[in-house]
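To start, the structure itself, in structure tokens.
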Amino acid sequence: METALTKTPEKRQVIFLAILLLLWEASSEAISYSMPEETESGYLVANLAQDLGLRVGELTTRGARIHHNGNKELLQLDAERGNLLLKEKPDREALCGATEPCVLHFQIILENPVQFFQTDLQFTDINDHFPEFPDTEMLLKIQEIAQPGTVFPLKAAQDPDIGSNAVQNYTVSPNLHFHVVTLSRSDDRKYPELVLDRALDREEQPELTLILTALDGGAPPKSGTTTVRIEVVDINDNAPQFLQSLYAVEVPENSPLNALVVTVSARDLDAGIHGNVAYSLFQGGGGPQPFVIDEITGEIRLKGALDFEATSYYTMEIVATDSGGLSGKCTVAIQVLDVNDNAPKLTISSLTSSIPENAPEAVVAVFSVSDPDSGDNGRMVCSIQNGLPFLLKPTFKNFYTLVTERPLDRESNAEYNITITVSDLGTPRLTTQHTITVQVSDINDNAPAFTQTSYTLFVHENNSPALHIGTISATDSDSGSNGLIIYSLLPPHDQQLGLASLISINSDNGQLFALRALDYEALQAFEFHVGATDRGSPALSSEALVRVVVLDDNDNAPFVLYPLQNASAPCTELLPRAAEPGYLITKVVAVDRDSGQNAWLSFQLLKATEPGLFSVWAHNGEVRTTRLLSERDAPKHRLLLLVKDNGEPLRSASVMLQVLVVDGFSQPYLPLPEVALNPTQEEDMLTLYLVIALASVSSLFLLSVLLFVGVKLCKKAREASLADCSIPEGHFPSHLVDVSGAGTLSQSYHYEVCLTEDSGTSDFKFMNPIIPSSLLQDS
């Protein structure tokens, strides 16, 4: 991703063009200060808080700091008092050389919000340097025939000071032949020329010695001197002349040492030794020059490395002197060409290494870029990788702010490595990269999420207490305490469930435990909700449904409903002697409280006095005859029936049945009972049974009447008041209800018990069947 004035397919780039800088500078006024150089450290430059219109404490709270743009750090900020202090003594000449004015540019950076203030500090020059000549002695060879008014150039003195503190005047010691004049170059530097006032006579005075003095304009002025020794030579009437008065050349700054810069050429019309010309580097502007000249050929070559960023332009004077002392001069102007030899520099001013997720636009870093090259070599493009939720914003004058483009999500990416790439536009391009690591700090923005919306757990009944029946699990993509989950049981919708006595949960890992043994016959299944809550602030939670299904174990034996079993005597059924094969004697009705295959019942005839006469249907418990009865068959038979389920382990119940063979229902043949009972005791038992039966029938009848009346009253009340009326519904186990309405016996008999005072054997009297005999035979 890139922020740019122009976009490429690869990157969005931000290009600071000159026009953008000009527009910014036009709209931003810098705060300027001025002070003389060589001021002692600790000097109070200004009260910065007052000048910026800020409260004193605001500089500290907003993290105020100074950005020096790569310059020497001469200033320090007392943020508590708001004072801008001098850190060390400044030397204008070391800072700016001959550049005027000497201005130190720096920025004041504030955070929360980010603000920039351009500030300039100008150092004024003081006269702290003496003029100094490059040589302690200068030698001039002047022919004795030189005419008055002839001018002889002299080497200028150097003074690092500028303006009026630089060299302003030259004087020469009193003499009869010469005076000195002070002239100015195009850069306003002063240089001396020696003017002949009176003709020389070698024979009279072959050599003269003068003292040349250079004076600056300080108060008081400072001076420097050198000795000018003049040798008077014989006549030489032609001075050397250069072919060009000005040589202008361009040299790339990366030229190697000893590279040829330019060749100057001068000629002398004299013959012989007076026509021989020697070249010398006579005058350079402002200090040592990285050039050397061959005195014979006039070739000017590099003797030191060039640096466009340090000095981009050189001017020097070349003197051609013949053996007679006559000379000529020319000017060589050398323009150093910039090459792209400096990679951009990136300076981090402010860096935030941790950003909270879901935060709006946040400042990650503030940095500046610089490139001392010129032109396209110094123009820069700043970019970051594509696909990152960050933007580069140009804030001011080569400053960028790295901000978040949108709220971050720590769960998607907890760390970003942002590579800032700064490239110049030179050929070839030079690039600097800097990587910033940003950590995304977590906030509690994710609720725990269960791995399933609902859980179904299976547990066998009769389990041991504290049995682990299953585990629910939730995850939270937050970190730290925001991602720690606490599990809990939520209050059930059915308050009668008693969940707290059935189930417990481990709050740390979500394991569920059955607190007590479960009974399938009492509770086949139940549901409840579990909650998962994190430890964030505020805490977030979610819930899931848990359904516990109790699996049936074969823990109940079949229970025989009919015939009723008596511990003292088995149930007695009657069999007509004329019964056809397949005659239904009775039907064994049994139930099993278990479910599934544990409740699948089968019937079996275990033992009979006449095994070939009777059979039991395995699936419905019907006891039938298998053949016709004969006279040889006994009048009484005992049958032992077995009712068993299909569970594991198999459980069963036995039924003892006594069958009496009778010739007819009106005159049954009843043998004496095997055990003689006390008649009084038998009468008491029969009476008790009759009372119980009568009470049961009466209760059922009364209950039915009450229920019928209640239903009618509820219907009338609902119709009258248009209000809801709920009728309680009884719960009857499905395996105890005869859905077909046919019952378990296919024949209905009416029994009448006849008790007489002289009935010693308490015989039963059987009435005719309620159902016609023809129907019985059809069945």
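Using the three backbone atoms N, Cα and C, a Cβ is placed for every residue, glycine included.
Looking up Thr124, Thr227, Thr533, Thr626 in Swiss-Prot, the residue bearing an annotation of O-linked glycosylation site is Thr227. Between Thr225, Thr475, Swiss-Prot assigns O-linked glycosylation site to Thr225; no such entry appears for the others, which is not proof they lack it.
Noted from Swiss-Prot: of Asn417, Asn462, the annotation N-linked glycosylation site belongs to Asn417.
Each residue contributes its Cα atom, and for Ser223 (O-linked glycosylation site) and Cys102 (disulfide bond) those atoms are 24 Å apart. Annotation for Thr227 (O-linked glycosylation site): same-chain Cβ neighbours under 8 Å, separated by at least 6 residues, are Thr136, Glu137, Met138, Thr209, Leu210, Ile211, Leu212. All protein chains included, Cys96 (disulfide bond) registers 19 other Cβ atoms within 10 Å of its own Cβ. Taking a C-beta cut-off of under 8 angstroms and a sequence separation of 6 or more, Thr225 (O-linked glycosylation site) has the following same-chain neighbours: Phe133, Ile211, Leu212, Thr213, Ala214.
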